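Participant: I'd like to ask you about the structure that follows.
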Amino acid sequence: MLYQQIAKNKRRTILVMAGFVFLVALIGAAVGYLFAGTATGGVIIALVIAVIYVSIMVGQSTDVVMSMNNAREIHSADEAPELWHIVEDMALVARVPMPRVFIIDDPSPNAFATGNNPQHAAVAATTGLLAIMNREELESVMAHEMTHVRNYDIRLQTIALALTAAISLLVNFAGNFMWFGASSRRDDREEGAGGVFAIIGSILLIILAPLAATMVQMALSRQREYQADAGAVELTRNPQGMISALRQLQHAEPMQNVDPASAALYISDPQENARHKSLSGLFDTHPPLEARIERLEKM
């Protein structure tokens, strides 16, 4: 059952990422059609911009994300013995190198992993997590984060952030020159019904693209959390430890200072109380904790 769930989530993730790339190409086509009269050129430019953003983000992700979240690095077990040794143990079990370890001074229990690959990864835990969780719960949380590292989720989330930023750049460009572009298209004497509908469709796509990108990014984050929960059980052989940790997180208050751009990285939504989720769930960075617990209980 465990390995079937992991395989299922991996297939879903591939579909989500394919949708992300398709969205980048689609917005590029719309921008290209509006301003140059050719969709092909826009697609090429959009994909090039996306590749550049991804390359920059992947190379600098750890330091940037840790700085955004006011995390301080610890360099030895002397500074946080229990956390250090648990991370060390979970990395050994997951067969990944020991990641860099950071602590965030915040009373709300939470944690996340970041980096571009298992060889250049980092994990962070809040002081609230260290104060509230017992050893089994903390092991499960770190095993959850090690699963993100082992499965390259950290790189995947970085790519998703970069693609969202690329789409925002394209949309901002289109918005700044919208009327100029539309006028240019009219000057090309393509004022027939088909041309008008194409222009209107392109404009609507540009307007809705950021919303769609956010929805795709959130869907990606939600699927990775389910998989990381299953991976934590695989590493610890202790489903009750993970269930207990998630129950602790159900009572957590929002973090005091967190960058919205990195919210999807955390094990639980750091921006709002877990008991108050959106009705549709489409814009939630994480699946409901109760749903995650139910899946673990069925294993």
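Every residue gets a Cβ built from N, Cα and C, even glycine.
The shown structure was predicted, so the numbers you read here are calculated from the model rather than taken from an experiment.
Per Swiss-Prot, transmembrane segment is recorded for 14-34, 39-59, 159-179, 196-216, and the stated evidence type is sequence analysis. Residues annotated as Zn(2+) binding site in Swiss-Prot: His144, His148, Glu225. As annotated by Swiss-Prot, active site applies to Glu145, with the evidence given as sequence analysis.
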Participant: State the count of C-beta atoms found within 10 angstroms of the C-beta of His144 (Zn(2+) binding site), not counting that atom itself.
Facilitator: 28
Participant: Can you tell me how far the Cα of Glu225 (Zn(2+) binding site) sits from the Cα of Glu145 (active site), in Å?
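Facilitator: One finds 10 Å between the Cα atoms of these residues.
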Participant: Out of Glu145, Glu225, give me whichever of these recorded positions has the highest number of other Cβ atoms within 10 Å.
Facilitator: Glu145
Participant: Any residues 6+ beyond the ends of the transmembrane segment (39-59) with a Cβ under 8 Å from its own?
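Facilitator: Same-chain contacts beyond the flanks: 21, 24-25, 27-33, 116, 155, 158-159, 161-163, 165-166, 169-170.
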Participant: Checking distant contacts: for the transmembrane segment (14-34), what same-chain residues at least six beyond its ends satisfy Cβ-Cβ under 8 A?
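Facilitator: Cβ under 8 Å, 6 or more out: 40-47, 50, 156, 159-160, 163, 166-167, 170-171, 173-174, 178, 181-182, 185, 198-199, 201-203, 205-206, 209, 212-213, 216-217, 219-220, 223.
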Participant: Just jot down the residues in the same chain as His148 (Zn(2+) binding site), at least 6 apart in sequence, with C-beta under 8 A of its C-beta; none if empty.
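Facilitator: Within the chain, His148 (Zn(2+) binding site) has Cβ neighbours under 8 Å at Ala113, Ile154, Arg224, Ala228.
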Participant: Apart from His144, His148, Glu225, which residues in this chain have a Cβ no more than 8 Å from the mean position of the Cβ atoms of those residues at the Zn(2+) site?
Facilitator: Ala113, Glu145, Thr147, Asp153, Arg224, Gln227, Ala228, Asp229, Gly231, Ala232, Ile267
